[in-house]
Amino acid sequence: MSGRGKQGGKARAKAKTRSSRAGLQFPVGRVHRLLRKGNYSERVGAGAPVYLAAVLEYLTAEILELAGNAARDNKKTRIIPRHLQLAIRNDEELNKLLGRVTIAQGGVLPNIQAVLLPKKTESHHKAK
């Protein structure tokens with residue numbers, strides 16, 4: 001008999017992370033571990049960490065996109081906490097979600113009450 005059956009088992013396939021399977025950048029395995037260790041429930045389904053990682057990734061991308069726009073509006077190439085603050089507070093839905101959140105070094109939105117603004121006086125100078 002020739003060497004049939006002596007090739008051994010199949011070569012182990014290259015490991016593929018659950019994040020790459022789901023097409024995500026956020027770590028599905030780490031989210032799963034944190035859900036298990038966090039005493040949220042006795043058991044954690046396989047889809048829960050994937051869904052949660054996807055939601056976190058989406059929210060992060062949304063905030064970073066708006067903060068990048070705020071940085072570009074201020075002619076800066078680096079996002080600072082001020083840009084995050086401006087991005088969140090100028091977006092209605094993000095502001096509602098993060099309404100009670102304080103961003104360190106974020107400052108406040110520029111806002112001057114209308115009553116405090118100088119009155120526009122209509123002075124008509126009649127040339128005679």
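Yeah, the Cβs are placed from backbone N, Cα and C, and that goes for glycine too.
Within the set Q7, Q25, Q105, Swiss-Prot records N5-methylglutamine at Q105.
Residues 25-29, 32, 49-50, 53 of the same chain, all 6+ positions outside the compositional bias 'Basic residues' (7-19), place their C-beta atoms under 8 angstroms from a C-beta of that stretch. Listed in sequence order, the residues of the same chain lying 6 or more apart from K37 (N6-crotonyllysine) and placing their CB within less than 8 Å of its CB: none are present. Ranking the recorded positions K16, K76, K120 by how many Cβ atoms sit within 10 Å of each one's Cβ puts K76 at the top.
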